[in-house]
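What Swiss-Prot annotates here:
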BINDING   GLY410, GLY412, LYS413, THR414, THR415, ARG771  ATP binding site
BINDING   THR414, ASP507, GLU508  Mg(2+) binding site
COMPBIAS  85-104  compositional bias 'Gly residues'
COMPBIAS  1276-1293  compositional bias 'Gly residues'
REGION    1202-1263  region '9 X 7 AA tandem repeats of G-G-G-Y-G-N-N'
REPEAT    1202-1208  repeat '1'
REPEAT    1209-1215  repeat '2'
REPEAT    1216-1222  repeat '3'
REPEAT    1223-1229  repeat '4'
REPEAT    1230-1236  repeat '5'
REPEAT    1237-1243  repeat '6'
REPEAT    1244-1250  repeat '7'
REPEAT    1251-1257  repeat '8'
REPEAT    1258-1263  repeat '9'
Amino acid sequence: MDIKSFLYQFCAKSQIEPKFDIRQTGPKNRQRFLCEVRVEPNTYIGVGNSTNKKDAEKNACRDFVNYLVRVGKLNTNDVPADAGASGGGPRTGLEGAGMAGGSGQQKRVFDGQSGPQDLGEAYRPLNHDGGDGGNRYSVIDRIQEQRDMNEAEAFDVNAAIHGNWTIENAKERLNIYKQTNNIRDDYKYTPVGPEHARSFLAELSIYVPALNRTVTARESGSNKKSASKSCALSLVRQLFHLNVIEPFSGTLKKKKDEQLKPYPVKLSPNLINKIDEVIKGLDLPVVNPRNIKIELDGPPIPLIVNLSRIDSSQQDGEKRQESSVIPWAPPQANWNTWHACNIDEGELATTSIDDLSMDYERSLRDRRQNDNEYRQFLEFREKLPIAAMRSEILTAINDNPVVIIRGNTGCGKTTQIAQYILDDYICSGQGGYANIYVTQPRRISAISVAERVARERCEQLGDTVGYSVRFESVFPRPYGAILFCTVGVLLRKLEAGLRGVSHIIVDEIHERDVNSDFLLVILRDMVDTYPDLHVILMSATIDTTKFSKYFGICPVLEVPGRAFPVQQFFLEDIIQMTDFVPSAESRRKRKEVEDEEQLLSEDKDEAEINYNKVCEDKYSQKTRNAMAMLSESDVSFELLEALLMHIKSKNIPGAILVFLPGWNLIFALMKFLQNTNIFGDTSQYQILPCHSQIPRDEQRKVFEPVPEGVTKIILSTNIAETSITIDDIVFVIDICKARMKLFTSHNNLTSYATVWASKTNLEQRKGRAGRVRPGFCFTLCSRARFQALEDNLTPEMFRTPLHEMALTIKLLRLGSIHHFLSKALEPPPVDAVIEAEVLLREMRCLDANDELTPLGRLLARLPIEPRLGKMMVLGAVFGCADLMAIMASYSSTFSEVFSLDIGQRRLANHQKALSGTKCSDHVAMIVASQMWRREKQRGEHMEARFCDWKGLQMSTMNVIWDAKQQLLDLLQQAGFPEECMISHEVDERIDGDDPVLDVSLALLCLGLYPNICVHKEKRKVLTTESKAALLHKTSVNCSNLAVTFPYPFFVFGEKIRTRAVSCKQLSMVSPLQVILFGSRKIDLAANNIVRVDNWLNFDIEPELAAKIGALKPALEDLITVACDNPSDILRLEEPYAQLVKVVKDLCVKSAGDFGLQRESGILPHQSRQFSDGGGPPKRGRFETGRFTNSSFGRRGNGRTFGGGYGNNGGGYGNNGGGYGNIGGGYGNNAGGYGNNGGYGNNGGGYRNNGGGYGNNGGGYGNKRGGFGDSFESNRGSGGGFRNGDQGGRWGNF
């Protein structure tokens, strides 16, 4: 009897029939079939993944039968011989634990604590019994009632789903509640960010007697008042959802925001006729404004159907899933756990695990006896502090499902624990039953640790050790192996279950990133269900009590460290020892920055202590004065240079590690140091960046020794804080900052801020010194500031939107979203969870039963924000998936595309001009990416030179490109045809409509919603509800001069919170693009004004606005059609095909300009006048086969010497001569960047000494393209490649 027949026979005894689900998976060139078999009431899912359907079914049945054997429902002897049934490895010390739903008595690991089926205490409302179903009404179903009450007045984007409690009325209600219950607790404020970018975190915890527990809220704001109001709002909304307080019953007051002047929009009669035909063809309902009477002060009337309601087609959704657990099985024959598929061919397809284990044992014994190199590494490993505890650690792991190991960085826990487990299994003849996942918080640590462990085992990667990170994997053998991976990669793998895994090691659990906290909830439920799975949690030396308690008071093992003493110096010590005084120039620049940031400060009276002015009397007056001159907000490169000179004077060998908060500062400091005479000398100093996005070959350099007499200076983010260990560090310089993501739910503000790191962070960084000898730590904050720092930063789960995590919860079949998150180590506020659920319903990712729709399932598998994923789906429908993929990658990558030279605060004109007349950071990025890709294909050297010339961040370009390719691959795997992903070349020189680019920019409004702003003047813009903000200085649209744009509307990617909010990654969009894709509400207000989302006013015929609004639900239906049958999008039914055509017409930038005269605008790269720089630049020319000084003048933005891409819009040369009329430009005469090859007329370098493309160069010349000669006396000075290529590889980008 075959295994499938056997399973049917077994199920027939209980009158149950197995249910099979088979689907294709994998890319087209490696097509496989995934079969899942379910047998109720068991929630375990048997899986087979093979190259044909028959084998997939057979293997799925075998997997399920193996499960039945493990839980004791079947005896091994009863199973047919060909089934190969096995309960797993011989180490099953806790036999008999069954899957929830099995008939046997399940053994609970966490006695007396909540298990997988129980709702966490944090979300149990008043009068709730603890089960899951009892609070469905209070959490979701009364939301629609609240929405119906005041739909027209819900100007707060979320008020209607939270009992109409808003930022304006919540604080008063909270005060009443506190007085009634005699609560005297008050807000605790924590300053976030440096002085000029100050914001505040407000936290308040109140004990709620009715619930017998404490409810906490943490929210941020630009000042204390704003933060406290947001905090009160979160608390009141939580109390509402917990049935403690009532909904708001008063009248919501509409704030008197700045009223925007209606913007005129008019369409051609031909286009209006096309819209009418589509409406008729799809039978779309249209609101008739002529039947509507608007009172002068009355509320506006909706012109479209409410998109937030679930339509009737979704009412019959999938059956609501019960809370479940990720399926797990120990290593078993014929299964490759790393690829989550069956082994269909080759020797391993038929070899038993016991036979493999014997081979592994013989091999290891032989190596220990005969391999001298292996024995040397063993001796080294025996000297690590953790080696003394090897036996104790292994005993604890074997005897307990969960163990916490706490130890100093460098004690050896990251590299040794997994090896101890694997070697112990191998030596006992069970090596094939050990498959170990080790998670790391970052890709660089996963790769570097894997390489280190493989080296210690004298193996190549891919033998017993491998790694898997985004974009790159080297998998080990299927049995008896260790895989290092990021937490995100492991979470992605969980969709297929965790079959074939014996141990999961989670490193750096103290970092509390959102993925790690998410994984802990999953592992806690898995261990409670499968006690044979072993989980090891590893942490640095911080308090692990919370983690131990969460896992049922699991054992905690302390590993002693091995470090030399580290002497710490604070800012006042450093200034005194270096005798540092800030230069007049740096003081002037500081004042400029402070004046600019005060432009839109929300609270000009918010006084905050400048701790640089707090200095003890024991320091000299000169030191105190110098400290007071330094801003806490900025990193003084002058001070860093003085400190490095001081270290140099000590003549103490050892590497220097500098902690910086982000790539932009790393790059700027690297360029600064390379341009100094001392630190730019590569014979004395090697300056290396350490960042997760740089190429692997460059990452490795930080670990490599340098020649004698050379000092290694490593510029790193907090990646070097705990994730990696660099042995030769003696000096640590700590800027004391970190980059943090902040989220305020009531106004949907996600922002990024550079904040003060916590004391725990600083202690970890200090510990990186002193690995090989006594060390030194230079902490660049005052002692007073250090004392004021928080002990720990807020966990990321409290400051990030939850809808991405919610999608993953549903994809992994973990039950309801709020149920799962209620079991987190520190559950996020219940109001944030509800908002995530409601948002996913509105996006049609969830059906009426809160289960994934086809769209939701697709978006859950895309590693980008769900709105961006939805944008990509429509991009595929409109045939521009390639452009949408690169835009989505750019919006998901928060590193800068362009680099700025020292002292340069805005982009150069030649960088701004990459967007042409499109006024778009996204277009500039696309053009730069396409140019970069062409150079990359010519070789690494040409790529590096090109990036240096254009001022591009080469690492960012690589990441964006890799992410784009991954997104397109995932779309293909989902079934979307390749024809919709054809590459589209963007030519920024074209002044006019580009239909493909126009529809792509329109779709950005959908992907980045609600991030719409309106330009007012200079840098000032208005965002949602007319809140003032600034254009970010790194935007191509930023200028400190008077500029106007063809349209004032912009879509932006992210917000940076300072005293004002700055908008980054901006693209100009047309009014029709905003109405069609950048809105949720279209209303008719008084005086026939059409109002979008309660703040954008348009002068457009109301009937026409209603017709355009009628297309929006049709577009939602089109997305549903595309996700149901992706392969059919090239053969849409005629009505939908006509819809696509008319939407493309509406997205053309000029579509709303019929009969209207609009200003063409004065764009930022065109705004400089000749008088600004003393006349136009000279026409470009060649000199002895090389460019003259200005060449393409990367540093020349024309401010001082004129230049730029032609002050009168001459672009790249009016006569089409490539990148400039004279000299052949970009390959005019078959010669690279010059006339006869290479980068000059006769292949000659970049000026005589390779000195870059000009220091103060004037861009592309005035009207004819040219190369602009700007300032001959500076020829050859500074910048670019120093002395050929000796400025260090990283100077190239």
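Quick reminder: no glycine exception, Cβ is built from N, Cα and C everywhere.
What you see is a predicted model, and the numbers here were worked out from it, not measured in a lab.
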## Note on the structure
Spacing of the two Cα atoms, GLY410 (ATP binding site) and GLU508 (Mg(2+) binding site), in whole angstrom, works out to 13
### Task
Please compare the binding-site residues LYS413, ARG771 by how many other CB atoms fall within 10 Å of each one's CB, and tell me which has the fewest.
ARG771
### Query
How long is the line from the C-alpha of LYS413 (ATP binding site) to the C-alpha of ASP507 (Mg(2+) binding site), rounded to the nearest angstrom?
9
### Summary
Densest Cβ environment (other Cβ within 10 Å) across the binding-site residues THR414, THR415 belongs to THR414
#### Entry: Remaining residues near the recorded ATP site, that is with C-beta within 8 Å of the centroid of the site residues GLY410, GLY412, LYS413, THR414, THR415, ARG771
LEU384, ILE386, GLY407, THR409, CYS411, GLN416, THR725
### Message
Using only C-alpha positions, which one of GLY412, THR414, THR415, ARG771 is spatially nearest GLU508 (Mg(2+) binding site)? These are the binding-site residues in the record.
### Response
THR414
### Query
How many Å separate the Cα atoms of GLY412 (ATP binding site) and ASP507 (Mg(2+) binding site)?
12
## Note on the structure
By Cα geometry, the one of the binding-site residues (THR414, THR415, ARG771) nearest ASP507 (Mg(2+) binding site) is THR414
### Query
Across the record's ATP-binding residues GLY410, GLY412, LYS413, THR414, THR415, ARG771, the largest CA-CA distance in angstrom?
16
### Summary
So GLY412 (ATP binding site), by the Cβ count within 10 Å over all chains shown, scores 22
### Task
Pick out which of the binding-site residues GLY410, ASP507, GLU508 has the most other Cβ atoms within 10 Å of its own Cβ.
ASP507
### Task
Give the three-state DSSP assignment (helix, strand or coil) for ARG771 (ATP binding site).
coil
## Note on the structure
Here the mean pLDDT of the repeat '5' (1230-1236) is 35
